């Protein structure tokens, strides 16, 4: 579709069936291109940088449109603002006679004669036109006060361990543990994502008395008090479990297995303690074929001994097709990884699946260890963090994140 800011010229606008469509959008000196995802359908995709503006409107605008359904998918490193000066559809109770649907972390359908001003909670927004009707909107990225591109996350310290599965002392500053205050050891892993929040698996805490849980950061060997001076025990201020968390009891598989824990006080960052990056730029990626690192204080073998020293192992991310062979449609918002004889195991749940960005060398928390079968015999299942970026950001309005990995 060709876009212009000359309203008088809109009557000459036509829908062009090409894979690559050049958009001439003059707003000052702004000029950029848009990709039509499917040349047979009215589907479009655009990634926006700060300062760029993108206009979307129905084919044949300003005339009403009664053709096929159209979809615009907009992504950015930042939140997205949609401002519609015209939304004109037949007004009815369920908006079934033409509508404009806006998907953020949830979908809202609009009809009637209205205007809209909507902000996303993450870096993706989808607009769906169901004809008949007409609309005209302006889309632009907006920087959250707490979003930062000049920040640090995902750093890693050198390891003195050669050829072993033990991590180096504070090698992974983003690693945290969840423990019961009345007993030694960890019941689950977690990942530091900001100064007040850690990310973990919902099943780790759903049946726990959270008043008797604590978050441990800067730990290496929970049986020793002398190997590092970075260890701090944090009380929990708030527990946020995904509202659609569920378990398939027959197989012990988890759905929407994600939770946030807010600490009572700020986690002090330094060389030995700090946040992982979140996949703001790679939230759609499957990471298939990539090597990832998983961490935990869990069992060293199925029903074996617990490790008091933080362990690491490298797994390979599988394709969704390979995952479906083992777990079926449960893998929509999950991912699986495998390496022969290697795996996360019991008590590793909630810990991170870390992918190293090859360009920046930063560690990105792309997954949460969720479930597995016999520790290394089959691929493990992990919650896909990228699928929940919207939810994470919406639940942590006071958090600051690095949006550039």
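Every residue, even glycine, has its Cβ placed from backbone N, Cα and C.
Swiss-Prot has this to say about the protein:
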- 203: active site, charge relay system (ACT_SITE)
- 257: active site, charge relay system (ACT_SITE)
- 349: active site, charge relay system (ACT_SITE)
- 42-70: disulfide bond (DISULFID)
- 95-111: disulfide bond (DISULFID)
- 188-204: disulfide bond (DISULFID)
- 323-336: disulfide bond (DISULFID)
- 345-375: disulfide bond (DISULFID)
- 42-147: domain 'CUB' (DOMAIN)
- 161-397: domain 'Peptidase S1' (DOMAIN)
- 113: N-linked glycosylation site (CARBOHYD)
- 209: N-linked glycosylation site (CARBOHYD)
- 229: N-linked glycosylation site (CARBOHYD)
- 1-35: signal peptide (SIGNAL)
Pairwise CA distance, residue 70 (disulfide bond) versus residue 203 (active site, charge relay system), rounded so that it is a whole Å: 39
Whole-number Å value for how far residue 349 (active site, charge relay system) lies from residue 188 (disulfide bond) (Cα to Cα): 5
All-chain count of other Cβ atoms within 10 Å of residue 209 (N-linked glycosylation site): 9
C-beta crowding around residue 70 (disulfide bond), within 10 angstroms: 21
Residue, out of the recorded positions 113, 229, 349, whose Cβ gathers the largest set of other Cβ atoms within 10 Å: 349
Spatial neighbour of residue 229 (N-linked glycosylation site) that is closest, considering only the recorded positions 95, 323, 349 and their CA atoms: 349
Distant-in-sequence Cβ neighbours of residue 95 (disulfide bond), under 8 Å, six or more positions away: 89, 109, 110, 111
Cα proximity to residue 209 (N-linked glycosylation site), best match among active-site residues 203, 257, 349: 203
Cα-to-Cα gap, residue 42 (disulfide bond) vs residue 323 (disulfide bond), nearest whole Å: 31
Neighbouring recorded positions, C-alpha within 10 angstroms of residue 349 (active site, charge relay system) - of 203, 204, 323, 336: 203, 204
